[in-house]
């Protein structure tokens, strides 16, 4: 029995990659220094994986920004607008990631989307010229040879041709048709080069196969691989899936020329049933994904061994594997000195998951009962308490009316118009303002008890004053307090709610250099005291203008945390919803007129198969949001915000959240969402982001005016809010002030024309 992993986290044990790239962005290091830091990290990771006793060690899973972009660049799928900048390869790569504004031109970044049902974001490759598609990159070969120099025969990992093709945004059908042929030839050439290098295994990741597949999808997949697998020669090909099961294509895969199939037995609800029904091919190896790559709890060896024994009825050719890439979990628990050992023993991050694979391999390869198995089972005895009877009783007492806000949206809109007295096209921001080094230092000093609560509060109050003043000078209509007290929109609430645990170094990559530290939902959740009330009251006291209360919604708190596995996601979410509801009512009672409840991650846990959307998710996720705000008065305006996702297919459900205003991150997706809003007669007022805050470029007044005009062409003017597409926390003040001034100027200019 051997073992394998799909991919390893690339950010480093202490986010070394993030800091190295950010230094390069700030011109504080050279290209050579950045590339050396990246290589050092790769070497460290390979040696770590090798030391842990992993047999199939991945290469080419490392990325400076995003692995989908890496695959696109490998095959020269680069839009002409980036080619025309005439930058070197690295800066062209980063121009696609972040946009570019300089002497060579001014271009926006590629659109960003959620990677399937995770909190990782990938960049959407754009193809306007299929003629240039060819194998022009060499990253996959270089990194294989780097590992080879260390004495490691690695397994290069690459996004498969079918998934890559489905993720590309093509200019038109003609481009798409030509791209199909060119991309196939490029993959064939890739196979040839890997054969020249005498590579043993290539892993092709095809997560798109876990979606509901149409007949056309299956035909396209077969068309690609029937040709491609004829060119594999000595190269062995592992078809790797994750985030679900292969129910639509599994029997066909058994008859294909793949040498191995990677199945997900964690999220693949039907993976085991498929093997039981159809068996497994004698000429193939089964890479069994049984170590959870998306959650942080210790593997129960009894369950894993039971699964393996069942699979061995159908095949003896089994490799122990992770369910997906380990980039979705933190690096290692060895940096967690503050967590009680009773909790920590039940956590397994990426490095610990390597040990689990090693243990399972050893247990399966030994003839008698192994002490490793006994030690694992001991961990699950004396688990710390998780239940709170008061929370259970409160959930039990909920009635149908607790999930419905009255009066209707239409009636509320009239009441709010009279009460709030806002101008046409009201301007606002999403919530956070830049967090400079002194803000972070102040928070850290308070956490480390180096300063008093009074000093901490006074510092933040001064920052809030400055933030309110800046917004008033710019001329925004609805203000925010800036969120200087918050490290992260989810972690902050988790820290102030009972039932959460926190790591010191549990960083996970969200996109590029952005990392998040998800809290752990350990027990029943409740609010023991107000969380944001004092900050909101203070901010509102500084201005005659409305200052929004800012909260994170229950679904986002759940989706951006590591969830419990002992109760349903529905129950966990409703517990959080009741806690946030208490905060909403406190804010309203304190005179806060607009309360924003962000559901940035609403789409994240949406099942990948449409048939499961309602029963497994939307039927409880939408009511949980309703539960948060159903108790407020008609005159209180409820806002929500949603991040990078595709929303067009769940807009009716979003409308059913019954918020008064919703802001979307729509700027990177070219405002295409507006057509759908118009088509379904979306009732909620909307603020489609008018510029992309994930890029350092400052949009001009003309550019913003054009965007606002586009929005006005699609939606009634009374329904529109003007705002950036996300919070401003990661930007510099000079960019923010310049961009917001242009936003207000453009809005005023348009108002005069209406």
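In case you wondered, yes, glycine gets a Cβ from its N, Cα and C as well.
The 5-methyltetrahydropteroyltri-L-glutamate binding site annotation in Swiss-Prot covers 15, 16, 17, 18, 114, 514, 515, 560, 604. Following the DSSP three-state reduction, the secondary structure of residue 15 (5-methyltetrahydropteroyltri-L-glutamate binding site) is coil.
Residues annotated as L-homocysteine binding site in Swiss-Prot, with sequence analysis given as evidence: 430, 431, 432, 483, 598. Taking the Cβ of residue 598 (L-homocysteine binding site) as reference, residues of its chain lying under 8 Å away and at least six apart in sequence are, in sequence order, 430, 431, 489, 550, 551, 552, 553, 556, 640, 641, 642.
As annotated by Swiss-Prot, L-methionine binding site applies to 430, 431, 432, 483, 598.
Classification of residue 665 (Zn(2+) binding site) by DSSP places it in coil, neither helical nor stranded. Per Swiss-Prot, Zn(2+) binding site is recorded for 641, 643, 665, 726, and the stated evidence type is sequence analysis.
In the three-state DSSP assignment, the secondary structure recorded for residue 694 (active site, proton donor) is coil. Under the heading active site, proton donor, Swiss-Prot lists 694.
A gap of 21 Å separates the Cα atoms of residue 114 (5-methyltetrahydropteroyltri-L-glutamate binding site) and residue 432 (L-homocysteine binding site). Checking each of the binding-site residues (17, 483, 515, 604) against residue 726 (Zn(2+) binding site), the C-alpha distance stays within 10 Å for none of them. For residue 15 (5-methyltetrahydropteroyltri-L-glutamate binding site), the nearest neighbour among the listed recorded positions (483, 643, 694), judged by C-alpha distance, is 694. Note on proximity: of the recorded positions 432, 483, 643, 665, 694, the one nearest residue 515 (5-methyltetrahydropteroyltri-L-glutamate binding site) is 694, by Cα distance. The recorded positions near residue 17 (5-methyltetrahydropteroyltri-L-glutamate binding site), taking a 10 angstroms Cα-Cα threshold over the set 432, 643, 665, 694, amount to none. Residue 483 (L-homocysteine binding site) falls within neither a helix nor a strand when secondary structure is assigned with DSSP, and so counts as coil.
Distance from the CA of residue 432 (L-homocysteine binding site) to the CA of residue 665 (Zn(2+) binding site) is 15 Å. Of all the recorded positions given, namely 15, 114, 641, 694, the one with the smallest number of surrounding CB atoms inside 10 A is 15. Cα-Cα distance from residue 604 (5-methyltetrahydropteroyltri-L-glutamate binding site) to residue 643 (Zn(2+) binding site): 10 Å (rounded to the nearest whole number). According to DSSP, residue 432 (L-homocysteine binding site) sits within a strand segment.
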